[in-house]
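**Q** Can you read through this structure? Questions will come right after.
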Amino acid sequence: MNFSDIYHSDEEYFRKLKDLKAVHEETMSKLEKMYQDKLNIKDIQAGFIRDGISDSSSSSASEKSCSHPALSVTSLSEPDLDGSSSLSTTTDEGLPDLEEKTPGESSAMVHAQELINNMWNDFSVEDYIQYDSDSRTAKKKRKKAKSLTPKITVPVPFEMTVREQNRREKALSARSDLETKLLKRDEDDAECKKKFRANPVPSCVLLPLYEDLVKQSEERRKKARERNRAALLASLKPFKFIAREEQKQAVREKKLRDLFRAKRKTNQFKAKPVPRFIYRPAASDKPKEEELYGDSRMLPKVRDLLQNSPWPSRSACRRFRDPRSPAKPRGKHRRRCLRRDGDLEKWKEPFSEYSFLKCPMLCEECCLHESPCDSDKRQKLLADIRADEEILRETRRPGRSPRRKSPGRSSNPKPRPHECSPPMPTASSRGREQAIRRSEKARMREYWQELEEQEEKLQKRPMLFERVTQVVFIG
């Protein structure tokens, strides 16, 4: 936005405002003149009527009555005619117009003019004291008393002119304020449009001078040390036994590798199968098993024998009957079978001499008829064996030596006779075996740790020429 355009537009606005003000003042003056003429005509007509009615009144009273409205006319016209022409001039200017307007009433107008001209003759303020109580109170209310000047008037500016002057001053001040506000707003807009982007703080500011010097000196020292080391290495002659030391190191490493491979191959643990005697029943179960086994072998033979044997005589039947038992009624059809208890007891004894060794399959079949307490013990034993195998499988590492055989268990158990049962593992034997296993694991762990430490020492040990160079650098 250009300020010159604003300035020209403001000038044009004020110029038009002044033109309008001049036109307004002209119209207001015309209106004021017309208003005064109207007021004068009304006052003159009222005085003429009063003079016609009072025929026998005295001349002094008529003069006072006529002068009183004239004064009222002046009093009415004074507040509106501040700064204008005097009352006499206005009346002189207005009378010719009245004569033109009312030619039939020329005598009345002449009489009124004479009254106006002789109005100030024998004038005294005391004559109006008794009549003008209201005007006196109104004068007291005024801020400043006005002196009675019949012919000379003090020019006082109109309120409208004062108001216009104040408006002009306010407009000028408002214009200056508007210009300053516009300038300030433009400056603020220009400042707001600017984008401040601060540059990062340079790194040299954060580092003090002393640290820079120390860093530079350290770099120079390192460069000098590297230069001296390169010169010494260039001037160093290799010894004759360097190749021999390298060969020894290669042979040593090869031996270690072969040793580790052999240990990995030989030390792999392989669990042996559980011996069959563990699954055999206990010694307390053997009589029961033998009895069941004998019954199972004898029953078919007894049945075959009973079926093929002839029927016994009546005397034999009477022998087996209990005399104390009540007599049973004889029916048409009799049972032709023997009592089970007596027959079995009778025929069981001759076949007891058939005793022979039991095969493993029959032994396993008889194990199905064992007592629940023995089966629980056997299940616990098998669970312990499986747990030991799982622990060994978890803790086993390639290259370890096999676990030492426990005294309680042997890989090749001696054949025991059929009559004796294997010893059952107790809590103390289990604790002993666990302690042995723990000690073996600890010893193997220590052994492998020692081997690793030796390897680290061998790898970290410098060669002879390296030690010589270190001695040279230190010297």
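Cβ from N, Cα, C; glycine included.
Quick paste from Swiss-Prot:
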REGION    53-107  region 'Disordered'
COMPBIAS  54-64  compositional bias 'Low complexity'
COMPBIAS  82-93  compositional bias 'Low complexity'
COILED    162-234  coiled coil
REGION    255-434  region 'Required for interaction with CFAP418'
REGION    314-337  region 'Disordered'
COMPBIAS  327-337  compositional bias 'Basic residues'
CROSSLNK  K377  SUMO2 cross-link
REGION    389-441  region 'Disordered'
COMPBIAS  398-407  compositional bias 'Basic residues'
COMPBIAS  430-441  compositional bias 'Basic and acidic residues'
**Q** Give the helix, strand or coil assignment DSSP yields for K377 (SUMO2 cross-link).
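**A** DSSP call for K377 (SUMO2 cross-link): helix.
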**Q** Averaged over the region 'Required for interaction with CFAP418' (255-434), what pLDDT does the predicted model reach?
**A** 61
**Q** Among all protein chains shown, how many Cβ atoms are found within 10 Å of the Cβ of the residue listed as 'SUMO2 cross-link', not counting that one?
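**A** That number is 14.
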